[in-house]
Amino acid sequence: MFKSVVYSVLAAALVNAGTIPLGELADVAKIGTQEDIFPFLGGAGPYFSFPGDYGISRDLPEGCEMKQLQMLARHGERYPTYSKGATIMKTWYKLSNYTRQFNGSLSFLNDDYEFFIRDDDDLEMETTFANSDNVLNPYTGEMDAKRHAREFLAQYGYMFENQTSFPIFAASSERVHDTAQYFIDGLGDQFNISLQTVSEAMSAGANTLSAGNACPGWDEDANDDILDKYDTTYLDDIAKRLNKENKGLNLTSKDANTLFAWCAYELNARGYSDVCDIFTEDELVRYSYGQDLVSFYQDGPGYDMIRSVGANLFNATLKLLKQSETQDLKVWLSFTHDTDILNYLTTAGIIDDKNNLTAEYVPFMGNTFHKSWYVPQGARVYTEKFQCSNDTYVRYVINDAVVPIETCSTGPGFSCEINDFYDYAEKRVAGTDFLKVCNVSSVSNVTELTFYWDWNTTHYNDTLLKQ
């Protein structure tokens, strides 16, 4: 399967790129050999399917009819942010100014290595065919979005038989907007699609896909007392190992931590990364759990205000579900950021909030939260509402896998009967108050999410932000 993808990419490259440098052709053997580490990169690396699929078919249960489909997706693979890029460049500066021969796992730097960030303008941006470091790279955000669109049509294309004109909603980050546009391109020209760019600025208040941006009450340091307990001596060990192999290098534990991000973003930009081979399997596990902890206690159920933040969008999706019989549109497609999806899944109860993650050790048996499983680059969450005979059901499909609601999954395909789902959802949002908890009034007077209902008259076209 993967070879066919590589060959198709190669064919496209030959048509569109003219002469491919021989060095890049030599690298094709490395592409696709590192996919086993994607789940350990904290959602910074390329897309992969949810590993815990429980063996449940994602096909519509036999004899059922889809009534409404909602999608909430993350932007595709990207270059690092400005801040993360600056950190990676500092480590690269140390390495590039080392005057001796590299040894051990850094020896690849002796072979005319080219740093993957070739242009500062690429920071914050989607990786594309045009800005990728390797014309054979199958992991660009552009290709991911287009491939997702074709897979979407294969799975749900029948939903468009009587609906060829519809909106797609995107947060106003440039990379989110670009992902939505590549997805539109992948759907093909048989559709008349209106791309609605919805503000993610603080002033947008509740009328946004990115409620966290309008939440001045949110404090990323709120649970540092927990996070600081996590043992990060493995980073010291990495730095010591590399320094021992390369006398006078003087890498720090911060450099070691940065190398994990370097690995992930280079995969997005190049299709492979020799930096990824620096780490042992144990080190990847420890890094991955550290990323899980940070997300759980900053953007997930470990932070008590997140359920209220996610309720802003979750309540809107509930309203759409309840209006499915009266709404002309049957498919609702939205693109945003990973934190927004984590907030949403926290409110929905898909991420376990009964047991907080421990920072004392890596809980192999008890950990059900893996950040990268939920929000790899290009993540997608589908809410399916379907009817079987006279009964209606709801279920979630996350990154190609059906993920049942544990306490409500007795319906066909492990779905939740609609009235039971509404009861469940009511309990999930009980006590939440996005406007109050976030102190939204201090930054905006917008108190309601309306873009799903007024897009046709408002025509959202907000200024794109490079963030």
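Including glycine, each Cβ sits where the backbone N, Cα and C put it.
The signal peptide annotation in Swiss-Prot covers 1-17 and is backed by sequence analysis. The annotation active site, nucleophile is assigned in Swiss-Prot to His75 on the grounds of similarity to another entry. Per Swiss-Prot, the feature N-linked glycosylation site maps to Asn97, Asn103, Asn162, Asn192, Asn250, Asn315, Asn356, Asn390, Asn439, Asn445, Asn456, Asn461. What Swiss-Prot lists as active site, proton donor is Asp338.
Feature annotations (Swiss-Prot) mapped to structure.
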residue : record                      : DSSP class
His75   : active site, nucleophile    : coil
Asn97   : N-linked glycosylation site : coil
Asn103  : N-linked glycosylation site : coil
Asn162  : N-linked glycosylation site : coil
Asn315  : N-linked glycosylation site : helix
Asp338  : active site, proton donor   : helix
Asn356  : N-linked glycosylation site : coil
Asn439  : N-linked glycosylation site : coil
Asn445  : N-linked glycosylation site : coil
Asn456  : N-linked glycosylation site : helix
In this structure, the one of the glycosylation sites Asn103, Asn390, Asn439, Asn445, Asn456 whose CB has the fewest other CB atoms within 10 Å is Asn390
Looking only at the glycosylation sites Asn192, Asn250, Asn356, Asn439, Asn461 (N-linked glycosylation site) has its closest CA neighbour at Asn192
In angstrom units, rounded to an integer, how far apart are the Cα atoms of Asn356 (N-linked glycosylation site) and the residue listed as 'active site, proton donor'? 20
Between Asn162 (N-linked glycosylation site) and Asn390 (N-linked glycosylation site): CA-CA distance (Å): 23
Helix, strand or coil for Asn192 (N-linked glycosylation site)? Use DSSP. strand
Counting other CB atoms within 10 A of each CB, which of the glycosylation sites Asn97, Asn250, Asn356, Asn461 comes out lowest? Asn97
Tell me, how many other CB atoms lie within 10 A of the CB of Asn192 (N-linked glycosylation site), whichever protein chain they belong to? 8
Find, among the glycosylation sites listed as Asn162, Asn315, the one whose Cβ has the highest number of other Cβ atoms within 10 Å in the structure shown. Asn315
Just counting, how many other CB atoms are there within 10 A of the CB of His75 (active site, nucleophile)? 28
Taking the Cα atoms as reference points, how far is Asn97 (N-linked glycosylation site) from Asn162 (N-linked glycosylation site) in Å? 61
Inter-residue C-alpha distance, Asn439 (N-linked glycosylation site) and Asn445 (N-linked glycosylation site) (nearest angstrom): 11
Per DSSP (helix/strand/coil reduction), Asn461 (N-linked glycosylation site) sits in strand
